Amino acid sequence: MSLMFRAWPIVRHLVWLVVLVVSLQIRDIAKAIGLPIPKIPVPYGGGIADNLLSVVAVLIAAALLHRSTPADIAARLGLRWSGLRGPVLTLLATVPCWLGLWTQAASMGTDDLRGLLWLALLFPLAEEIVFRGFGFVFATRALGWRPAIAAPVQAAVFGCVHWLGAGGGGGEALLIFAITAIGALLFAIVDAQDGYALWSGWVLHASLNAAWTVFAVSDSAASGWLGMALRLSAVFLAMGVLRAFVTPRGMASVPVAAGARRVQ
């Protein structure tokens, strides 16, 4: 019993990492072992099922890894409301990106409002809960990981998930890995600036996704220096306004959970 007690902190970290890695791959894993999970029979049904399962998985894992009240678990997942100022300022910081894409767009794709809802708002929300919530905020505030370690770990996993989604290999898939991993790292920093809450990071993620969904730009503009410059300028502008005008509160003032072993 004493051996199990001593091993439990290590087991918690391993379980956290496994859940983070597989959460968006549940249907693929189920299919590989002969237990396929069908997609929901609506447009974007496959993506809806994948994201819903991933959120359910991390919520269950968080409840098992940190025994506490639902409100405390939600807070340690970054779901505590930290105020309106951060999200609003973050949204305003993305306006130059929208204007830049508007000047480069050949057309505007606003006909598929359902697609815009899923791709720009709800799928990013699920990814923020899984990777920045469970992968970053929960790791630091419930498991004792240092932010400087948790942030790049979740970013690497996030990038790998998108790399696999792009078919793996090199070329375009590697570029997608780099873009998404860097984005995940920067989103985590934005969340930390706003009191370890997800909402500013989600607004940033959603607004950038919406801009690239609404404006039809060339592949070279999307993945070239202009696309990277527009993305990074929005992120760094958001960081700047958060640093200047937002006083972190919420989880920033809550100590790491008792019993958590600090990951150096």
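Heads up, the Cβ atoms here are built off N, Cα and C, so glycines get one too.
Whatever TrEMBL says is automated annotation, not expert-curated.
Per TrEMBL, the features are:
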- 42-65: transmembrane segment (TRANSMEM)
- 86-105: transmembrane segment (TRANSMEM)
- 115-210: domain 'CAAX prenyl protease 2/Lysostaphin resistance protein A-like' (DOMAIN)
- 117-137: transmembrane segment (TRANSMEM)
- 149-167: transmembrane segment (TRANSMEM)
- 173-190: transmembrane segment (TRANSMEM)
- 197-218: transmembrane segment (TRANSMEM)
- 224-246: transmembrane segment (TRANSMEM)
Using Cβ distances below 8 Å and needing 3 or more such pairs, separated by at least 6 in sequence, tell me whether the transmembrane segment (117-137) contacts the transmembrane segment (173-190).
yes
Below 8 Å between Cβ atoms, which of the listed ranges 42-65, 86-105, 149-167, 197-218, 224-246 makes the most pairs with the transmembrane segment (173-190)?
149-167
Are the transmembrane segment (197-218) and the transmembrane segment (149-167) close enough to be called in contact, which here means at least 3 C-beta pairs under 8 A that are separated by 6 or more residues?
no
Counting CB pairs under 8 Å, which listed stretch among 42-65, 149-167, 224-246 touches the transmembrane segment (86-105) the most?
224-246
